[in-house]
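Trainee: One structure follows; several queries about it will come next.
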Amino acid sequence: MSSWYKSWILLTGFILFYVAYLLFGAFVFSTIERPVEDKLKRDIQVLKEEFLNQSCVNATSLEHFLEGVLQANKYGISILPNSSASSNWDLASSLFFANTLVTTVGYGHTTPLSDTGKAFSIFYALLGVPFTMLVLTACVQRLMHLVTYGPISMCRQKIGLEPLAATAIHFAILLLVVVLGFFVVPAVVFSYIEDTWSFLDAIYFCFITLCTIGLGDYVPGEKPGQNFRSLYKISVMVYLFVGLMMMYLVLRAFHRMADLHGLTSFFQLPHCDEDIEEDKEPIIEAGHEDQHEAEDSAKPLDPASQTSYNTINR
């Protein structure tokens with residue numbers, strides 16, 4: 001089996017293990033936090049009944065009631081009757097929380113209620129954040145050949161464009177596709193599903209999310225009585241992962257273009273030549289049968305025969 005197939009098999013294994021890691025975190029978070037959430041809901045309901053049963057409400061009782069309501073709202077629990085049916089720690093919501101945790105988006109709309117959940121969040125993110133970056137990097141490395149190198153080479157061979165023009169046109173098209181496919185179209189969908197969101201609110205949410213800012217003022221699937229809430233949450237998770245991958249791809253493509261156009265040299269920034277060689281290498285080491293070929297290819301060549309972004313006439 002060639003190293004190319006091995007690398008794709010390993011990449012598939014990475015993605016499957018990533019999904020399994022998210023499911024594991026969702027199960028643990030749901031198991032730990034769901035009982036604590038139910039207890040807090042019962043406590044706030046008792047507080048509400050005690051407040052309503054009083055014949056005359058004084059300032060102390062009102063302050064005690066408001067303090068309990070605000071404390072429960074801090075953890076995503078509302079006293080309103082329409083909000084009591086859904087849970088923030090069912091499997092789908094826990095999966096959504098785990099995804100926002102390891103992607104460093106962290107909306108903050110839902111936080112662990114127990115000390116055990118907080119401690120598990122630390123260890124879970126300690127492993128999950130670098131592993132998420134590893135999976136994103138591996139995916140982008142494979143997409144660079146399909147989305148960047150291939151189209152640029154086609155523009156040069158089929159159309160006869162110069163390297164500078166080909167990379168500039170490619171980056172403009174890629175940027176347009178990402179803006180339309182991951183900002184405009186999702187914003188239309190979000191503004192349609194979320195009744196209280198305008199199109200500007202949805203665009204704002206997409207930007208804040210894909211930039212991993214995650215302010216938490218807009219979170220999808222949190223309105224009471226949301227139809228297909230679990231499916232909606234999982235769909236947003238997929239959008240978040242693919243969107244982050246595409247944002248990373250755009251940054252890599254821009255770095256390539258800046259290197260070719262001399263911007264990295266002008267601002268004295270690192271070049272992409274080393275990254276290009278890393279992108280061409282498989283994510284696993286070649287087998288014994290490929291070692292001799294790798295050694296031959298590693299031998300120094302005539303510098304004039306080597307091609308890089310820096311050797312192209314600007």
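Glycine is no exception: its Cβ is also placed from the backbone N, Cα and C atoms.
Among the features that TrEMBL reports, compositional bias 'Basic and acidic residues' is placed at 281-299. Per TrEMBL, compositional bias 'Polar residues' is recorded for 304-314. Annotation comment: TrEMBL describes 84-144, 179-257 as domain 'Potassium channel'. Taken from TrEMBL, the feature N-linked glycosylation site covers Asn82. The region 'Disordered' annotation in TrEMBL covers 280-314. Among the features that TrEMBL reports, transmembrane segment is placed at 7-32, 122-144, 164-190, 202-219, 231-251.
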Trainee: Please give the sequence-distant neighbours of the transmembrane segment (7-32): residues at least 6 beyond its ends with Cβ less than 8 Å from one of its Cβ atoms.
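Mentor: Sequence-distant neighbours of the transmembrane segment (7-32): 89-95, 97-99, 101-102, 112, 114, 116-117, 120, 124, 127-128, 131-132, 134-135, 138-139, 142, 237, 282-284.
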Trainee: Quick one: average pLDDT across the domain 'Potassium channel' (179-257), no decimals.
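Mentor: Mean pLDDT for the domain 'Potassium channel' (179-257): 91.
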Trainee: In the domain 'Potassium channel' (84-144), how many residues does DSSP call helix, how many strand, and how many coil?
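Mentor: Per-class counts: 42 helix, 0 strand, 19 coil.
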